[in-house]
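Student: Mind having a look at this structure? Questions to follow.
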Amino acid sequence: MRNFSDILLSQDWQNPHIVKWHCRTPHVPLHSYRTEQEARLDVGGNRQSLNGQWRFALFEKPEAVEPAVIDPDFDDSAWAHIPVPSNWQMQGFDKPIYTNIQYPFADRPPYVPQDNPTGCYRHRFTLEKQALTESIRIVFDGVNSAFHLWCNGHWVGYSQDSRLPAEFELTPYLQEGENLLVAMVLRWSDGSYLEDQDMWWLSGIFRDVYLYRKPILAIEDFFIRTELDALYQHAELRVETRLSQVTRHHQVQVALFDAQGECVARSQALHTGQRVVDEKGAWHDKTEHSLAICSPTLWSDEAPYLYRCVICLLDEDGAPIEFESAAVGFRKVEITQGLLKLNGQPLLIRGVNRHEHHPELGHVMDEASMRRDIELMKQHNFNAVRTAHYPNHPRWYELCDEYGLYVVDEANLETHGQFPMSRLSNDPQWVNAYLQRMIGMVERDKNHPCVIIWSLGNESGIGTNHHAMYQWTKQRDPSRPVQYEGGGANTAATDIVCPMYARVDQHQPHPAVPKYALKNWISLPQENRPLILCEYAHAMGNSLGAFYKYWQAFREFPRLQGGFIWDWVDQGISKWDSEGRHYWGYGGDFGDTINDRQFCINGLLFPDRTPHPALHEVKKVQQPYQFSLSYPKLTIHNERLFAALPLELVVSVLCDGQEIKQERLPLDIAPRGTITLDLASLPMLPEHEYHLNAVLLCREDQPWSNAGHCIASEQWCLQPRRSMLPKITHAPLPQWQQDGDKVRIEAANQQWQFNRQTGLLEQWWQNGQPVLSEPLRDNFYRAVLDNDIGTSEAQHLDPNSWIARWHAAGLDKLRVECDDLRVTTLNESVEVVIDVAHYHQQALALRTRWRYQIFGDARVELNVEVMLCSDLPPLPRVGLTLALPVAENPVSWFGRGPHENYPDRLQSAHVGRYTATVDELHTPYIFPSENGLRCDTRQLQVGALVVEGHFHFSLSRYSQTMLDKAKHSNELVAGDKWYLNLDAQHMGVGGDDSWSQSVHPEFLLTQPHYQYQLTLRVKASSPQ
């Protein structure tokens, strides 16, 4: 046995050749049921959870640990209690560190820092004498990053790879009654060089720990395969079982049960060694069963029907010793004709990358959180998930089997911080570490029907070690494709071309790893593989512009079979400031000086699983039903491949945003089917705007939603709004007067005051009450988005980023001068024309001309012209901004909504009439930025102020300046005014990625001249 000092001297955690000591061979999760009924129902078994409160102490390095901590008599009463599972940084020990690419320590593989925080855990448990007659194993489902284990003072073994089980045989070290476990967990190990995965660096025993008992001769592993015939009608169930010892006398029997618990098939009991494999004979610790299954119900994401396979080990007399079982889904994954297919049908992957993240627990995932994630995915039309970038909690796969979600299962491997990235991937010293990460994942997860693709890892370049992983995997499991993006996404180590952030129509040249436009990639010579983006549509902050273009391409080109959005959830950690205000922390907020700021904040959901507005866009764009309208004929095509959903169709007609007619009818559309309906036509008055809405609802409850859930929708404009003749007013002509620099106009109990020096409408009164809190001003800037910042740092702006170009042009700090203000009395109005010049330093940047026409009924017609006078970059926005007193009534508008939308992200935002509070109009992005826009607005009412025209608006308690300065949401402090932005044009948000200029050309504001018109009025009283 190794003593403590030997372990410290050996430094196993800095030796790439050593990844395990005394760990059991990887295998599927085992339960050792003792009856067939237990195995069939997946209840009982012989597991004993060790989760709970353990004693814990943190040391600055392993050498600082007292050798006596492993002794049963050591007094740990002064140690803290810590929950297992947990990350110790989330329990107040040490600090979380976030980096994207760079290692948070000196890059000298395999060596790690001498100051290496080391957590020591002690836990006592009891065993009865009867338990000691069997083999007792302990399983740690996840420990970061490496650990040594002792039991009752005896060294048991060592393990690294934080995302796979470490299993040890404890039997030799156990005793009747009380037993002691001691785990010494190191924050850093040579394995950390392989786990550089754009996430928080957190440590500890963060997944379940349990004991389980097995007979001395027992079922050690089993591999279930389902093979379908050429017509996908009948199947063969193949089960390979491995025992813990060689035996010629024991037998194995296999039975299959359907979802109702009825036995579908039962095999004969077979001895080991039935098939000779080479000149030395057969495997006498293995059996191979084959059962013919007639017309099984097939498994898919749409109809995840599960059987249960029960495996029984029989003794020499035919009596059962133990049982193991697993869920079985009959399905066939294959690549034929350049297409990834399931059960013969080409898949369209509606996928997302998901990190395991909890805002209070770190990397600890409970079942409720996992179920919530899956239900949200299904509700938003996802059918696939990539376990970015490591094997997930074992329960995750069971839930994906159950709910129906395709999984790309990814090895715990990323060396993004290496130079070059492939350095370790080509080093034979590391080949075993690479292989063991792949082997452990495949062996653990091989029986899950949800796993349709294996992944070799992420962002590690390409090297000989990857090819070894690929070859082993294809030999072990030929039934699934293997993918890997590294080295250019189309190497010999991938069955699927799986690029990240390739664009639909734009090549991204690179001397080593070019990214071709998607439409061109699939037409390259000799390239006949399917293309599925392993990452695309970088959802960082206010993002996902032009997402719909990807889906236009996916639907047009069959070999473009979808992709996985980056990513699912913002990796923010809950924090509270000194005033007790909650906010989400990111890199640098915990004293982590090496960090990548908010680059961990790029999810479709906030950390608490509240959806971002962009999630609505994703749901709409990838919805599995497609609509077309040739009024009054409505055609609906079902993109689902395997199972029809009972639906209810709701068709409504809107006149000027108000629903005037609705029809509802039950609907059933066969998979891949199309139906056409005749709608009742409706007479339309020429002076009104009409829209048709079609919404498909789930008619019945689903495992992932209630009846009434909207699964798809579409809107068409039946008749656009027509230009109206100028309104004729019969009210008395407004009166105006000048007093020094002030020009005051009066009409209908309202007054307007202009300042000749500034050119501003300083105030507007109604019955003596001020309408404005701040004047109307030109607005050409926005609080920068993450996509505007790109790769910029606080002290160094990326010169190609939008923020750098806008700041260089002075758009955030233009000096404004009024050149002229003229007042003219017209037939029905008083006209005020103001010429304004905008300077950056001494250079003229823009000119604007504001033309107010104030009518006798107190209506204000505003016309603004914008003329660019210098070589400016595309503008963030063209419009005006003002501030209003806080109002009590909800805001109402006629335009796109109800959620936030932008010119390149509005497919999901239908035109209608909506109401919301000012807080509901604000999107609290973790890194504050421009937010809350509602596009194509015809009418807006805020308090008593009514705005009409065609514009985009946002209303917030916070100004653009406040948003631009804040780094966290708690830094935003509301005052006594609301800030209203009225935009004629607004640049897109982009989102193909977040580090280059990703706004598509048609969503850039590049014209030299803009003009817009608005009508403003104040209602006599606010609506009830």
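Cβ coordinates are placed from backbone N, Cα and C, and glycine is handled just like the others.
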Student: What does Swiss-Prot list, out of Glu375, Glu443, Glu459, as binding the same Mg(2+) 1 as Glu414, His416?
Tutor: Glu459
Student: With Phe599, Asn602 listed by Swiss-Prot as binding Na(+), identify the candidate in Asp161, Asp190, Asp196, Asp198 belonging to that site.
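Tutor: Answer, per Swiss-Prot (Na(+) site with Phe599, Asn602), from Asp161, Asp190, Asp196, Asp198: Asp198.
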Student: From the Cα of Glu459 (active site, proton donor) across to the Cα of Glu535 (active site, nucleophile), what is the distance in angstrom?
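Tutor: Their Cα atoms are separated by 11 Å.
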Student: Filter the recorded positions Asn100, His389, His538, Phe599, Asn602 down to the ones within 10 angstroms of His416 (Mg(2+) 1 binding site), Cα to Cα, kept in sequence order.
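Tutor: Hits: Asn100.
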Student: What are the sequence-distant neighbours of His355 (site 'Transition state stabilizer'), meaning same chain, six or more residues apart, C-beta distance under 8 angstroms?
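Tutor: Met199, Ala388, Asp567, Trp568, Val569, Gln571 - these are the non-local Cβ neighbours of His355 (site 'Transition state stabilizer'), listed in sequence order.
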Student: On the three-state reduction of DSSP, what should I expect for Glu459 (active site, proton donor)?
Tutor: coil
Student: I need the least crowded one of these binding-site residues (Tyr536, Phe599, Trp995), counting other C-beta atoms within 10 angstroms of each C-beta.
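Tutor: Each of the binding-site residues Tyr536, Phe599, Trp995 was scored by Cβ atoms within 10 Å; lowest is Trp995.
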Student: Whole-number Å only: compute the distance from the Cα of Glu414 (Mg(2+) 1 binding site) to the Cα of Asn100 (substrate binding site).
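Tutor: So the Cα of Asn100 (substrate binding site) lies 11 Å away from that of Glu414 (Mg(2+) 1 binding site).
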Student: Nearest to Glu459 (active site, proton donor) in three-dimensional space, by Cα, is which of the binding-site residues Asp198, Tyr536, Asn595, Phe599, Trp995?
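Tutor: Nearest in space to Glu459 (active site, proton donor), counting only the binding-site residues, is Asp198.
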Student: Other than Asp198, Phe599, Asn602, which residues of the same chain sit close to Na(+)? List them in sequence order, counting a residue when its Cβ is within 8 Å of the Cβ centroid of the site.
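Tutor: Near the Na(+) site, the remaining chain residues are Asn100, Met540, Trp566, Asp567, Gln571, Asp596, Cys600, Ile601.
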Student: Within its own chain, what residues at least 6 apart in sequence put their Cβ under 8 Å from the Cβ of Asn100 (substrate binding site), listed in sequence order?
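Tutor: When sequence neighbours closer than 6 are ignored, Asn100 (substrate binding site) has Asp198, His416, Asp596, Phe599, Cys600 within Cβ distance under 8 Å.
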Student: Looking only at C-alpha atoms, tell me how far Tyr536 (substrate binding site) is from Asn602 (Na(+) binding site), rounded to the nearest Å.
Tutor: 12
Student: Are there any residues at least 6 positions away along the chain from Asn595 (Mg(2+) 2 binding site) with a Cβ closer than 8 Å to its Cβ? List them or say none.
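Tutor: Non-local contacts for Asn595 (Mg(2+) 2 binding site): Ile97, Tyr98, Thr99, Pro104, Gly587, Gly588.
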